[in-house]
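Notes for the one structure printed next.
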Amino acid sequence: MAMEVGYLRHSTTITNGLCCNCDPKPRGARRVQTRLPGTLCLVKDTFTSSKAKLKKPSQREIFLTSRKRLNQIQAVSTAEKEREADKTSTPPIPSSIHDISNGDHILGFGADLTEDHPGYHDLEYKRRRSRIADLAKIHKIGEPIPCVDYTSEEIRVWGHVLDTLVDLYPTHACKEYLNCYELFNFKPNYIPQLQELSEVLERSTGWHIRPVAGLLHPRDFLNGLAFRTFHSTQYVRHGSNPMYTPEPDICHEVLGHVPILADPEFADLAWAIGQASLGASEKDIWHLTKLYWYTVEFGTVKEGNEIKAFGAGLLSSFGELKHMRVGTDGFMPEFVELDPFKKMPKMSYKDGYQKRYFLCESFADAAAKLRAYSRSILKPEVQSIKFGDTPIRL
């Protein structure tokens, strides 16, 4: 029989075909070396006797370790090939919102919190998150969004965030946001249900809200925008630090994203990013994710001689809003004109406030630029999509 017992890096000293750290070959065996791709050499022992066995512990250890390492190398090689193929391959292209899952590619939700999360040590909070996430996972498109019976603690957190931010909006938020904000009549003692908000958006811009259990895969989330659907979480951030959340929660979604989606020109801007994502390569999805980050999340717009915020990451963060206008500890962020065709900088979200904001002349101008970029990467096979039973040509 033939048995693979070792692998050698070519930098290792070889004496008479053996690694200097290996035991000599068993009597009756002949040594064969087979070169593998890359910098590895596979060593095989071919036994002429069926009774020959690995008698020494060191030999068996070499066999097990080497076999495991070889499997790891082969797995890495396969993964690298798959990643290279993904960069150019075209994934299945959704033709309607029904083709997009809101639960198969969740990057984090429920009780799966990292150690640096404020609620990591709060078992009851994690259970609560998990129960709310389950409501989103059972939701069917076309059915009313399940209501969440928010607790007094969750309402307290919501009210604190709302009362803190509302004082900054008149001077820091763009006029489109302020106009749309009035449509929702937010109150500090009541957390609005997603179904109520979705109905307002449907009447104003034709957009819908779909509940989601947690952070969606970027492709799924961006694909949803192409069907004028915004995926929103329903859970509330941990009460120990009401002005901070490491991931999207209902305060961020409702105060940051929802109002501005009632503005037709902004809705077109978000829609353009979504259209570009249909059938996009992994490389293009990564670029679109950055475009989304620097517009929908942290975008700014000229308003006369001032710069105002329209991104949800700004509008749901008291500290970020102030930083945008006056800087922090003597550091002033820079403002760069939005150009979707240029390489976007690394996204920053765990090392303090943004160092750079992208600036739009107007929502209409930004939407036009994003549509031009969308047309440049849109796959030929992406001809139209469906809103309900109505096909829309792209």
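Quick reminder: no glycine exception, Cβ is built from N, Cα and C everywhere.
Some features that Swiss-Prot has for this protein:
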BINDING   HIS252, HIS257, GLU297  Fe cation binding site
REGION    75-97  region 'Disordered'
TRANSIT   1-79  transit peptide
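Overlay of Swiss-Prot feature records on the structure.
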{"residue": "HIS252", "record": "Fe cation binding site", "Cβ neighbours (10 Å)": "21"}
{"residue": "HIS257", "record": "Fe cation binding site", "Cβ neighbours (10 Å)": "22"}
{"residue": "GLU297", "record": "Fe cation binding site", "Cβ neighbours (10 Å)": "20"}
Notebook entry, point to check: Can you list, in sequence order, the residues of the same chain other than HIS252, HIS257, GLU297 whose CB lies within 8 Å of the CB centroid of the Fe cation site?
Noted result: PRO248, GLU253, GLY256, VAL296, GLY311, ALA312, GLY313, LEU315, SER316
